[in-house]
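Undergrad: The structure under discussion is supplied below as structure tokens; questions concerning it will follow.
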Amino acid sequence: MEPPLPLLGVSLVLLCSAGLTRSLTITSVDQSMFEKAQGEKVTLPCTFELSEEDIGPLDIEWVLIPADNQKKEEIIIMYAVDRVYNHYYAGLTGRMQFTNLDPKSGDGSLDILNLKASDTGTYQCKVKKAPGVQSKKIQLTVLVKPARTKCSIEGSQEIGKDVTLKCVSQEGSPLLSYDWRRVSGTQNLPATSMLNKNTGELLLKNASREYSGTYNCVATNRVGTDECSVQLNVTPPVNTAGIITGAIIGTLLGLSVLCSIIFCFCKKHREKKYEKEVHHDIREDVPPPKSRSSTARSYIGSNRSSLGSMSPSNMEGYTKTPYSQVPSEDFERAPAQNPAFAPSKVAAPNLSRMGAVPVMIPAQSKDGSIV
């Protein structure tokens, strides 16, 4: 049965219309999401095909679509009228270029060099050649590799204690994952170990000497890895009581030595102060004492003169003078300890026997004439 003529005519019209409206087409539709590491290079694809009906000038434009819909799109680079314009976006100046030096050949892909975390975003390629217009969006995520990873030990490294090995990366985009392995001795982790891959902590419970060795931590994310190592030395418990006792004894000895030094210093200071006071108490105007021998000789000479001038009538008074009062070479010597001793009186007859010579003294009158 043949189709009605009206239906056949409509079909031919639709086919003709479809052929006439065939226009520009973007062919790079395979990949629309890219993840790259910071510092690397990425090529955002944008290849296209033109039709015979596309007779207008060719324009290729790359724009950055902000995450905030309230903000406007920013033009990154443009090809128009056989020229490239790349001064629109300062954040990528000097780090972007068209992959093909002649984009009108059908390749408007974009190269971004030395990627930064701030380059993360949604990029759109627009190709225009009137009447054809096509566009394609690509999501770019720039991740930071783990870096500056540091390992440390928390807790006492003594037998029977719990020890925690820690691993932290100072740089790196999430999600970071940590893994520990033993690189010395047996490669397996201790049976009592507990690993937290998200925090990077490895807990070793009830540590023993067999736990000693080198441990290695590897930090990983989707774009790279970094690692660090730490040395664990499990030792017997320290005798804390002995250490405390030694510290106390040392402190007491130090205090005793300090007190001795202070005491000696004060004593010396007092002695110097006393000597200074005694020195100032001595009077400079006091004459020096006479010698013992000269004093004794002057005393004996004066007594002899008195004896020579004595008359017999005056001898009785002289006998009253104690013999012991005549000074000698040791006249300043302390008196004898025997209080019972008393000096004897010398009578006149005895003086003659002792060699005394009586002397006659002329008598004088009241007016001073000699009688």
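Each Cβ is built from the backbone N, Cα and C atoms, and glycine gets one as well.
Feature table excerpt (TrEMBL):
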SIGNAL    1-23  signal peptide
DOMAIN    38-141  domain 'Ig-like'
DOMAIN    146-235  domain 'Ig-like'
TRANSMEM  241-266  transmembrane segment
REGION    280-322  region 'Disordered'
COMPBIAS  291-322  compositional bias 'Polar residues'
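Have a look at these and tell me how they're positioned relative to everything else.
TA: Per-residue pLDDT, averaged over the domain 'Ig-like' (38-141), rounds to 93.
Summarised by DSSP class, the composition of the domain 'Ig-like' (146-235) is 3 helix, 51 strand, 36 coil.
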